[in-house]
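Quick notes on the structure that follows.
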Amino acid sequence: MLSLLKKLWNWLKSLFIASPKAINPKEVKNTPPEPSDGEYEGILMGLFEQVAAGTTTDGLREWLYSRHCNDKKLARWLEVKSEEWLLYPEDYQTLGRDLAALGKVMTGNLGEVSQRISLQLRDAVRDVSGVEEENLGPKETDLTEVQKFYQLLNQGKTSTTQGLSTANNTPIVQDAEFWFEQGTQKYMNGDFIGAIASYDQALEIKPDDHQAWYGRGVALGNLGRFAEAIASYDKALEIQPDFHQAWYNRGVALGNLGRFEQAIASYDRALEIKPDKHEAWYNRGNALGNLGRFEQAIASWDRALEIKPDFHLAWYNRGVALGNLGRLEEAIASYDRALEIKPDYPDAWYNRGIALANLGRFEDAIASYDRALEIKPDDHEAWYNRGVALGNLGRFEQAIASYDRALEIKPDKHDAWNNRGNALGNLGRFEQAIASYDRALEIKPDYHEAWNNRGNALDDLGRFEQAIASYDRALEIKPDYHEAWYNRGVALGNLGRWAEEIASYDRALEFKPDYHEAWYNRGVALANLGRWAEEIASYDKALEIQPDDHLAWYNRGIALANLGRFEQAIASYDRVLEIKPDFHPAWSDRGIVLDNLGRFEEALASCDQALAIKPDFHLAWTNRGAALVNLGRWAEAIASCDRALAIKPDLHQAWTNRGAALVNLGRWAEAIASCDRALEIKPDYHEAWTNRENALRNLGRL
């Protein structure tokens with residue numbers, strides 16, 4: 001008697017379903033507005049005060065950063081403004097001395113520029129008066145010098161006469177200027193509320209002062225009062241419609257309110273007036289990016305980079321947009337440009353890692369995350385995605401360690417708990433995996449992926465009813481979750497509830513008709529119900545989607561054999577062997593079908609092929625024995641069955657086939673003993689009863 005191999009069951013689990021986060025996981029923030037001349041002047045005055053107070057070089061830099069400025073920016077501004085000061089060097093002798101003092105304390109570019117301008121002012125004074133600058137005293141008091149400095153620096157504030165504090169100035173203008181200067185100084189010192197109050201005082205005296213309206217808007221923006229800031233910029237623009245700084249900062253405020261279309265319109269107005277304002281092109285790109293208009297955003301950042309090629313934020317955000325478009329290699333190149341300019345930019349290293357991971361370059365991604373973490377060790381997203389990359393490499397212990405670091409920093413990061421569970425599941429530590437999923441679900445009870453993965457772990461522990469309950473929770477939250485319907489079907493199959501299993505696969509296929517694993521396992525469930533024609537139809541659907549699925553071809557062959565369609569069964573097994581020539585079960589079962597067609601030599605050759613691949617394959621030895629019986633080679637048949645029984649002593653088909661060979665050799669008593677062994681194992685095996693009766697009849701005992 002020939003034996004069929006039990007149908008193979010393909011279980012698709014979702015134990016490691018997580019992937020890197022979206023390509024733009026970090027918030028893209030607008031850059032602070034470029035300080036106006038008045039703001040730069042306030043910064044410089046503050047620096048002079050810090051120098052006089054004995055502040056160190058590092059302290060000066062920290063003070064600058066606290067004012068949203070740095071030494072490079074201030075040095076560039078000084079170089080531009082010095083051209084104006086050198087036109088009237090005698091008016092700026094105190095400034096020259098203060099710059100000299102700053103240059104002695106400050107290192108780097110700012111120190112060099114300060115020293116150079118100080119010397120230029122000294123030489124210019126010497127050329128005009130012929131007197132050494134250090135022998136001159138200030139022409140006016142220090143307070144008057146500061147007032148004059150503010151007056152000349154602030155755009156739109158320059159008087160036709162010099163010295164606003166003289167008796168020739170009207171008290172109203174002097175008071176308005178005073179309050180404006182107070183507002184600017186308070187703003188630069190970080191006192192935004194005080195700055196607004198001072199600007200309001202200036203505007204009571206001079207309501208058409210567009211600079212005061214503008215400064216008021218900037219201070220409001222720094223307090224997060226964006227709607228009020230916009231109203232203030234609008235007042236400035238009513239007075240001076242070509243005031244590009246106001247259009248620009250109005251755009252920033254609108255962007256912070258999420259009103260991106262209006263922000264773009266505001267940046268466009270700024271750029272009509274000042275086409276080379278790289279900050280406006282940059283933030284225009286940010287607004288477009290937030291609207292998902294990535295191609296236009298890239299074009300806008302490209303304009304910013306034409307003007308300022310070393311603008312690392314533009315290179316970075318350009319990379320983010322390219323990533324969102326799936327242009328990952330270009331995104332990486334853009335991040336690399338940002339990192340050439342600013343090697344310590346953690347977000348660029350992080351998002352570079354995301355792009356590399358999406359390309360499947362997990363080792364490179366990990367290296368990139370590591371660079372981000374060197375700079376910013378508390379970046380929980382970098383630790384998390386590092387864990388994802390390690391998991392994709394199969395390095396699950398390291399992945400767990402990485403998730404643990406993320407969770408030390410952010411204990412309520414539910415997706416880290418979920419992925420930690422995935423890694424534990426892949427290590428076979430299912431109880432711990434369930435505990436990890438439970439932590440995720442404490443934080444986010446509607447986290448359908450965690451309910452699904454929890455079900456998978458329970459299924460792996462053989463707790464099928466609980467697994468189904470977990471899948472049901474996932475499906476309450478997300479009824480179209482095809483993976484959960486599929487995995488629910490697998491659990492039902494493990495309980496032998498095949499009709500329900502099929503219904504579950506059918507639900508999965510409603511939501512994902514090309515889900516070949518569901519079509520395949522549906523076929524297996526139909527086989528268990530003996531519905532072979534439907535089984536074949538299900539495999540055919542699976543094979544339309546994935547033609548190289550050798551298991552579907554194999555089980556299709558078994559179903560055809562069960563229907564007696566032997567030639568088609570052979571064709572199906574042949575397709576299996578084209579795809580996977582070393583798939584020994586197909587060789588063995590092909591032998592069975594050939595035997596049923598009376599092609600015994602071919603059947604024997606097919607079984608021999610199976611045994612060449614897997615010499616201990618007991619079913620092939622049994623089926624080989626059956627073919628040898630049919631060829632009348634009874635001694636060889638007995639030897640073949642004995643080989644099967646040496647491997648699997650409880651194989652009732654081998655005992656039966658052995659009995660058939662012994663009957664044909666006239667060894668009646670041995671034949672009866674062999675059939676009795678088969679019937680001890682499977683009492684209802686009618687082939688064994690038939691062979692036993694033949695032996696008894698030949699002995700005359702029937």
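Backbone N, Cα and C atoms are what each Cβ position is placed from, and that goes for glycine too.
Taken straight from TrEMBL:
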type	residues	note
REPEAT	176-209	repeat 'TPR'
REPEAT	244-277	repeat 'TPR'
REPEAT	278-311	repeat 'TPR'
REPEAT	312-345	repeat 'TPR'
REPEAT	346-379	repeat 'TPR'
REPEAT	380-413	repeat 'TPR'
REPEAT	414-447	repeat 'TPR'
REPEAT	448-481	repeat 'TPR'
REPEAT	482-515	repeat 'TPR'
REPEAT	516-549	repeat 'TPR'
REPEAT	550-583	repeat 'TPR'
REPEAT	584-617	repeat 'TPR'
So if I exclude everything within five residues of the ends of the repeat 'TPR' (550-583), which remaining residues of that chain have a CB under 8 angstroms from its CBs? That is, six or more out.
4-5, 7-8, 10, 516, 520, 523-524, 527, 532-533, 535-536, 539-540, 542-543, 589-590, 592-594, 596-597, 613
Sequence-remote partners of the repeat 'TPR' (584-617) [C-beta within less than 8 Å, at least six residues beyond its ends]:
2-5, 8, 550, 554, 557-558, 561, 566-567, 569-570, 573-574, 576-577, 623-624, 626-628, 630-631, 647
Would you mind giving the whole-number mean pLDDT across the repeat 'TPR' (516-549)?
97
Just to be sure I understand, if DSSP states are collapsed into helix, strand and coil, how many residues of the repeat 'TPR' (414-447) fall in each?
27 helix, 0 strand, 7 coil
